[in-house]
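Before any comments, here is the structure.
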Amino acid sequence: MQKFTSVQDVANIDELVNEALHLKQNPYKYKQLGENKTLGLIFLNPSLRTRLSTQKAALNLGMNVMVMNLDKEGWALETQEGAIMNGTTVEHIKEAAAVMGEYCDILGIRSFPKLQNRDEDYNEELLQQFIDYAGIPIVSLESATRHPLQSLADLVTITEKKPAGKKPKVVLTWAPHVKPIPQCVANSFAEWMGQANVELVITHPKGYDLAEEFTQNATVTTNQDEALKDADFVYVKNWSSYIDYGKVLTEGEGWMMNNEKLALTNNAKVMHCLPVRRNVELSDEILDGSNSLVLQQANNRTYAAQAVLKRILETL
Ligand code: CP
């Protein structure tokens, strides 16, 4: 694997899931693989899970890890080609990414969308510039449009928990939130589930359709109750509008997942990538109950990252 920015970078997702499950049983088996190799983790946005699980994954593989909150600790980055840098930006990404490439063997980068200009965000300009200028393999720690390490961990979790001998019904349901949230997790989850052996249904209020490139293998409905019928897994997530880009179109009354809605399902396992707004997106009763898989998902982030780093290390 030369980079990990979307499901398209994975030749066989079943093999990668099995690799993650194998690493979960044998976390230190490949401790020699990362010896004298350095992972750089660059954050332009906050993180708890991605930061700690990816560090742990790298340490399990014997790697050195350097972490930088570039938005707070680095020089203000210029990303425009040909910019006359007589304003507030101090360092061009051409040098910054290339310097990081000198210090590291693999580079992870987190950069959320600004949610102001859809074309700018969906062109993944910053991620592409890191790929172009760093000169080393890049791992997305969540980009403007996708969160592939999360989606891989989610697929690992579904693989572990799915009912035996059945293609599981997986429902991705929109949930309310207090502010505009990127589409990344929902896009990525839809994209990965579209390649997995599951029946995928996406439900959201009118106006919240995701970009078609991510939902090609899904049934999409605005009737949440209908969608939830017989579900084996319910993945709860808010996202802002893609069509009316970055806007919140409704407060989403009645869309929060709770035990009443859970009763419509096949005793579904409930998933969320975290952080979650309790009693806005998901009720306490679900998060504190036995159907919640949120901690298992978070735990599997380590082995998802470890599988990806192992695959990349094997190519160095
Ligand atoms: N799910 C997830 O990516 O969590 P963090 O934002 O805390 O990394």
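Using the three backbone atoms N, Cα and C, a Cβ is placed for every residue, glycine included.
Summarising the annotation, TrEMBL assigns domain 'Aspartate/ornithine carbamoyltransferase carbamoyl-P binding' to 4-160.
Feature annotation from TrEMBL assigns carbamoyl phosphate binding site to SER47, LEU48, ARG49, THR50, TRP75, ARG110, HIS147, PRO148, LEU149, GLN150, CYS273, LEU274, ARG301. Taking all protein chains in view, 27 other C-beta atoms sit within 10 angstroms of the C-beta of HIS147 (carbamoyl phosphate binding site).
Per TrEMBL, N(2)-succinyl-L-ornithine binding site is recorded for GLU142, HIS177, LYS237, ARG277. Long-range Cβ proximity for ARG277 (N(2)-succinyl-L-ornithine binding site), meaning a same-chain Cβ under 8 A and a gap of 6 or more residues, is found for HIS177, VAL178.
Annotation comment: TrEMBL describes 185-310 as domain 'Aspartate/ornithine carbamoyltransferase Asp/Orn-binding'.
Contact annotation for binding-site residues (SER47, ARG49, LEU149, HIS177, CYS273) versus ligand 1: SER47, ARG49, CYS273, each with CB under 6 Å from a ligand atom. In terms of DSSP secondary structure, the domain 'Aspartate/ornithine carbamoyltransferase Asp/Orn-binding' (185-310) contains 43 helix, 20 strand, 63 coil. For the pair LEU149 (carbamoyl phosphate binding site) and GLU142 (N(2)-succinyl-L-ornithine binding site), the Cα-Cα distance reads 8 Å.
Sequence-distant neighbours of ARG49 (carbamoyl phosphate binding site) (same chain, 6+ residues apart, CB-CB distance under 8 A): CYS273, LEU274, ALA298, ARG301. Of all the Cβ atoms in the protein chains shown, 17 others lie within 10 Å of the Cβ of SER47 (carbamoyl phosphate binding site).
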